[in-house]
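Chemist: Before I ask anything, here is the structure I am working with.
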Amino acid sequence: MSSLLQKMLRTRRVDEQFLRHSEWARRLGVPLMVALAGIKSISMMLFIILPFSLTQVAGPSTVLAPIFAFLIIFFSAAHLSELSCTMPKNCVQYHFAYAVIGELPAFVIAWISLVDYVAQAGLFCKAWADHFNLLFRGLPAKSLTFDVFSTDSMLLSPQVDLLTVLSAIITLCLLLCSLRVVGTICVSLLAVTLLIAASCTMVAFFHSDPENWIKAEFFHFGYQGVLYAICALCACYTGIESTSCLLEETKNPRKRISGVLSFLVLVLTTIFFVLSITFSLSTNVTALSEGIMIPEVFSVINIPAAKYMLSVCSVCALSGGVLASFLPATRVIAALCHDRLIPYAKDTSTKSPYFAVLLCTVLVALCSMIQKTMLLNFVIFMAPVKLVITILLVYLQHYYPEQIGIPEETSNYKSIGKKRTRVHIDDGVSIDDSVSLIPSRHLEDHDDQSEVSHSTFDTTAFLYMKATKMESERLQKRLEKEQLENEELQPVLAKSVSQYHTMDPNLKKAKKIKKHAHNCVAEQCGAENDDDFNSQEVHLFANEEPELPFFSTFSSSAPRPPSPDVSFATFHRSRRLLFLFCVVTCAFSAFLRNYAVPTVTCWMLSIGFVLVIVVFTVNINRLQTNDYLYKKESKVTLFPTTSLFTLFMLLGSFAGSVPTKTLAHLVVIPLIGILAYFLYGYRHSKHRKTACLVIENRYLEGADEQYCPIIGLDTSSSSDA
């Protein structure tokens, strides 16, 4: 039994190649990333979540949801930013869980994300079809809608609209192009959406009347409706969470992800608040029909021109939403295929994973047979679940006794002037007669002749450049040696690194030999025998960018690292306390949901729950974290208080409002994922028989002719696992 558990919890080896190298082409800049996240979030909120929340969930009290959702998403984005900077990989939650918790939990997390992304894409396709029919007054629905299933079905939709399938097929054709093309289309659609939506919102603002709040009763659905609306608004920020699936295709993700996420949260929250307060004041929302769409609100206030403009806006926005919703699902499929946890066909392109795109299109087309309300409830309550997973992973990172991911950031220095930097060793003697190295930097004659204060930056930069030069010479000797050994065959490598891009692509696809040397100095590479465990591949890689590491001075107030036994004891205690905190929070929320009455007993029990939660919070804050292992600026502020506060709001909103039927669906999905893992992934996992062997570069004396590879593959099986 223990052997089976060890195999299910086998972890991935995280090395420099895995962390800093990527086979994907980095094509996303800040504008494209903002466009992909913005068009998905805005279209989800304005045309899917907002009418549902106003008419069926919270009524006018929907305007309170953006405030609480902002606090949740702002702190959750900080957790996601820290996780992304630590491990800048596509589907960062999956890879991080694979490296820390084990294979089975990582697969379940990826499975939940995949089902959620596919449900989002299916929901976008259905919404696009509905608004397309509204724009053309229902003419396409007359010829493309068919009655297929019974009206008594609780899962399947009675009618199937072929427009939903058509939108998925169009998206398939676009996603086969470069990601930059998809991003450019989303930029254009986002600009059109913002302009038209702003004009229509201004029209609705001039028809606002506070009497509509009084007629509709502000808290028409009670406090439970507000909690429901908070979960719904959290789902509107899905574009921000989707950026974690595109980190390997983003330029300089560790520098940009933190600022981009904060900017998106602030801007989207402002837009959501303005839209919710404007449309809730424009009419009595409780008198509207349940299936109404936002453009039809202008029919109620008798402004047909605004209805037509907003219908055009809805088609444009949802078109971009469909495009953006496919991307994270395809990246999750590609990650699972790469680790051989699901059946796959190997993709040879770094622009778009063709097999993943095709499989995602098939799954989204099948979603056209599921009822829209069921998809909507699933997406709404899956959003807090995924946010909780992100926070829990960051929590584990802060208490895990070993270093995970990249421990330090790169500096912001663009270049170092050769003439302005001069390093020398001052043989100064300190008071205790210990030799000290004192670097100094002098200015030019035309500058101030005063010396700059001593800094460790110059010495470390000099050593870093020296080490880089030695490594380049070592790699050059290795390349020349490989050419001499294979001079009778087709050359596989360039004579030098600088000639790599000028080589004929056909020469890089030369005959396979038993020992294949591969130098991927470009942004991506295509090693043909990447999955061959018996190959003797030497895989040399280049970092994303040759920058200097991030430096920070030693702080005397920083905690000293404890012994390993104490570290693991603290880690296990932190997990137990977190588990109890989550259980008590869910119990408190469920108690208020079922027994919240203004009585003395209810107040006393509520106070007791709050005191227990505060006690757990204090005990968790007293535990020592492993921040001494990391030198990063992108950290969660006031950890773990902010993490526990965010968990409290997420779990409280979720447990206090989730319908029983939706909760059953959320439980069934992970169980299906576990079954799928044992049917295929457990027996075919890429890490089942191989273990990655990391050989560090050591600059030993007299080892000039010896080549020390950076990354190697240990072809021996790891304990027959």
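Every residue gets a Cβ built from N, Cα and C, even glycine.
Note that this is a predicted model, so its numbers are computed, not measured.
TrEMBL lists these features:
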- 28-50: transmembrane segment (TRANSMEM)
- 62-80: transmembrane segment (TRANSMEM)
- 92-114: transmembrane segment (TRANSMEM)
- 162-179: transmembrane segment (TRANSMEM)
- 186-206: transmembrane segment (TRANSMEM)
- 226-247: transmembrane segment (TRANSMEM)
- 259-281: transmembrane segment (TRANSMEM)
- 308-333: transmembrane segment (TRANSMEM)
- 577-597: transmembrane segment (TRANSMEM)
- 603-624: transmembrane segment (TRANSMEM)
- 636-656: transmembrane segment (TRANSMEM)
- 662-680: transmembrane segment (TRANSMEM)
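Could you place the listed features in the three-dimensional structure?
Modeler: Residues 62, 120, 123-124, 127, 131, 179-180, 182-184, 186-187, 189-190, 193-194, 197, 232-233, 235-240, 242-243, 246, 249-251, 256, 260, 263-264, 267-268, 271-272, 275-276, 279, 293-294, 314, 317-318, 320-321, 323-325, 327, 376, 380 of the same chain, all 6+ positions outside the transmembrane segment (28-50), place their C-beta atoms under 8 angstroms from a C-beta of that stretch.
Residues 25, 27-28, 32, 121-122, 125-126, 128-129, 132-133, 140-141, 144-146, 185, 246, 249, 319, 322-323, 326-327, 330, 351-352, 354, 357-358, 361, 364-365, 367-368 of the same chain lie 6+ residues outside the transmembrane segment (162-179) yet bring a C-beta within less than 8 angstroms of a C-beta in it.
Residues 31-32, 35-36, 38-39, 42-43, 46, 274-275, 278-279, 282, 297-298, 301, 303, 306, 309-310, 312-313, 316-317, 319-320, 323-324 of the same chain lie 6+ residues outside the transmembrane segment (186-206) yet bring a C-beta within less than 8 angstroms of a C-beta in it.
Among residues of the same chain six or more beyond the transmembrane segment (308-333), those with a C-beta under 8 A of the stretch's C-beta atoms are 35-37, 39-40, 42-44, 46-47, 90-91, 94, 110, 113-114, 117-118, 120-121, 124-125, 127-128, 131-132, 134-135, 167-168, 171, 174-175, 179, 182, 185-186, 189-190, 192-193, 196-197, 199-200, 239, 242, 245-246, 293-295, 298, 342, 352-353, 355-357, 359-361, 363-364.
Listed as Cβ neighbours of the transmembrane segment (603-624) (distance under 8 Å, sequence separation of 6 or more from its ends, same chain) are residues 399, 559, 562, 570, 573-574, 577-578, 580-581, 584-585, 587-588, 591-592, 640-641, 644, 648.
If you look at the transmembrane segment (636-656), the same-chain residues 6 or more away from its ends with a CB under 8 A from one of its CBs are 68, 71-72, 75-76, 78-79, 82, 224, 227-228, 230-231, 234, 381, 384-385, 387-388, 391, 394-395, 398, 581-582, 585-586, 588-590, 592-593, 613, 617, 620-621, 625.
With a threshold of 8 Å between CB atoms, the same-chain residues lying at least 6 positions outside the transmembrane segment (662-680) that come near it are 104, 107-108, 111-112, 115, 341-343, 374, 377-378, 381-382, 385.
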Chemist: Other than its close neighbours in sequence, what residues sit by the transmembrane segment (259-281), given a CB gap under 8 Å and a spacing of at least six beyond its ends?
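Modeler: Residues packing against the transmembrane segment (259-281) from afar: 30, 33-34, 37-38, 41-42, 45-46, 50, 53-54, 59-60, 62-63, 65-67, 69-70, 73-74, 77-78, 80-81, 197, 201, 204-205, 208-210, 212-213, 216, 233, 236-237, 239-240, 243, 294, 297.
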